[in-house]
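Input: a single structure, listed below in structure tokens.
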Amino acid sequence: MKVRTLTAIIALIVFLPILLKGGLVLMIFANILALIALKELLNMNMIKFVSVPGLISAVGLIIIMLPQHAGPWVQVIQLKSLIAMSFIVLSYTVLSKNRFSFMDAAFCLMSVAYVGIGFMFFYETRSEGLHYILYAFLIVWLTDTGAYLFGKMMGKHKLWPVISPNKTIEGFIGGLFCSLIVPLAMLYFVDFNMNVWILLGVTLILSLFGQLGDLVESGFKRHFGVKDSGRILPGHGGILDRFDSFMFVLPLLNILLIQS
């Protein structure tokens, strides 16, 4: 517990100023986190980060995470790069004489999209305003807290025991309920320019998909037989273990709230 608490304090001291600063500093930080998360995901499938498919995936990830506001050329480069990456990793299945399989190639492409889109929207959301990223973080944290407390006090029915044995239906519902505190509290300080009932609905959707994001990452770990995605955060696991919910929450927040 001491190690876990110390790690959380150090992470907060490093993370909070970068989040408040935003801009280029946050973009670089998000890219570093994304590369670590990609390495964790590839390692689950026994794909070395320093290898042909690993390095191609890393390049694809960096391109996916180019800032969208830089201009229309960004999306053109992203599309062409993903096409090129697909051809390269598929060709490598032949060049490696099937030591690198078609399933591995598909996994690399999926990993780049999964990690890249999630972390790209990390700094894109912050660029729209500090209140949006705080809104996302508070939803995830209160959902997790509510799910834990309700599950501890009332949990009797397992949610998905094959993937995550400790999660319960009661905890899942409790997490949704607790997430509603966020918009009700933030509306006193921030004008979201949205009807309160619509904002509550968006919050429930984000809370729901945040919990699904957690289950997806748990599914990865269960499938590949690992306890944590990594060991970079003592007591907490890896980067993916800490940001799994945000892989779903941040893109959806942009679609439902910012770009609507």
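In case you wondered, yes, glycine gets a Cβ from its N, Cα and C as well.
As annotated by Swiss-Prot, transmembrane segment applies to 9-29, 46-66, 70-90, 102-122, 130-150, 172-192, 196-216.
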**Study point:** the transmembrane segment (70-90) in contact with the transmembrane segment (9-29), cutoff 8 A, at least 3 CB pairs, sep 6+
**Key:** no
**Study point:** Which of 9-29, 46-66, 130-150 contacts the transmembrane segment (196-216) most, counting Cβ pairs under 8 Å
**Key:** 130-150
Check your understanding: Same chain, outside the transmembrane segment (172-192) by at least 6, Cβ under 8 Å from its Cβ: which residues?
Key -> 131, 134-135, 138-139, 142-147, 149-151, 154, 159, 199-200, 202-204, 206-208, 211, 257
